[in-house]
Amino acid sequence: MTEAQLTLPTTKLSPTQKTQFIKLEKKLRRNVGQAIAQYNMIEDGDKVMVCLSGGKDSYAMLSILMLLKESAPIHFDIIAVNLDQKQPGFPEHILPEYLDKLGIEYHIVEEDTYGIVKEKVPEGKTTCSLCSRLRRAVLYKAAKKIGATKIALGHHRDDMIETLMLNMFYGGKMKAMPAKLVSDNGEHVVIRPLAFCKESELIQYSELKHFPIIPCNLCGSQPNMQRQNIKRMLNDWHDQFPGRIESMFTAMQNVVPSHLCDSNLFDFKSINSTSGIINGGDTAFDEVAIEAPQDLSMKNQPNADQLLNVVEVK
């Protein structure tokens, strides 16, 4: 399959939509390529298991990774994996038909986690937490079976910011979603290639590509209200204060432990009058110089010249 076949949507676009699509896809490719390079997500010879749920994010992740594979200076394999959790009404034909058209290797893993969740969680309660744990266990098992070296999940920038706010407001921790981590069982490396991608752009991309979306509410579970509240708050901030969300994500990549309060991250006890000024000293009450948040780009990245081969859109 050629890059042009991978790129163009299956339905006809107007000239304006086509221009919009090309610009958007180029930006998503650049952002995914930058995340891969910055966190060393994919290496030569990797077998990447792309977890495909049937939602907009995982479809977009698969699409962009397939494009990058065509132009990357390294070789890596992609295997799409979907977990059929036996939810009532799940359209089992959609993903196989879509993946057959792409001509990509894939596996449909059938595991009745839905039945377990319904048995364990009282009616009307949110099932997402238990469902997520069961799903991870099945996917880790699948990754081991197919020999995957990386597991790719479709969480994006907005998911990461929401998780940070959730943990701050409800968990008392400054903790978000890492772009790269070791799996719960200690056997796999999990990556989030969409870490630098905005949800709004993924929605737009999905609409232009006309992905065959499978709804995520087939289980009948109520949404996580805390996360929904955080999402609404962030959306309001985005509307009222343009650039605030971008600034928040930049802050997540620019942490100054000496100016927080965690003694595990910084040795406050050893500070004395001979320690010198640390990271600017006490500027808590000085007026902060506000700079317009910059969109993710290569110009402020260290070793930018080394990343271009991975990120370059050909």
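Even glycines carry a Cβ here, placed using N, Cα and C.
Given the structure is predicted, the values throughout are model-derived calculations rather than measurements.
Taken from Swiss-Prot, the feature [4Fe-4S] cluster binding site applies to Cys128, Cys131, Cys219. Summarising the environment of Cys128 ([4Fe-4S] cluster binding site), the number of other Cβ atoms within 10 Å of its Cβ, over all protein chains shown, is 18.
As annotated by Swiss-Prot, motif 'PP-loop motif' applies to 53-58. As a summary of secondary structure, the motif 'PP-loop motif' (53-58) carries 3 helix, 0 strand, 3 coil according to DSSP.
DSSP gives Cys128 ([4Fe-4S] cluster binding site) a helix state.
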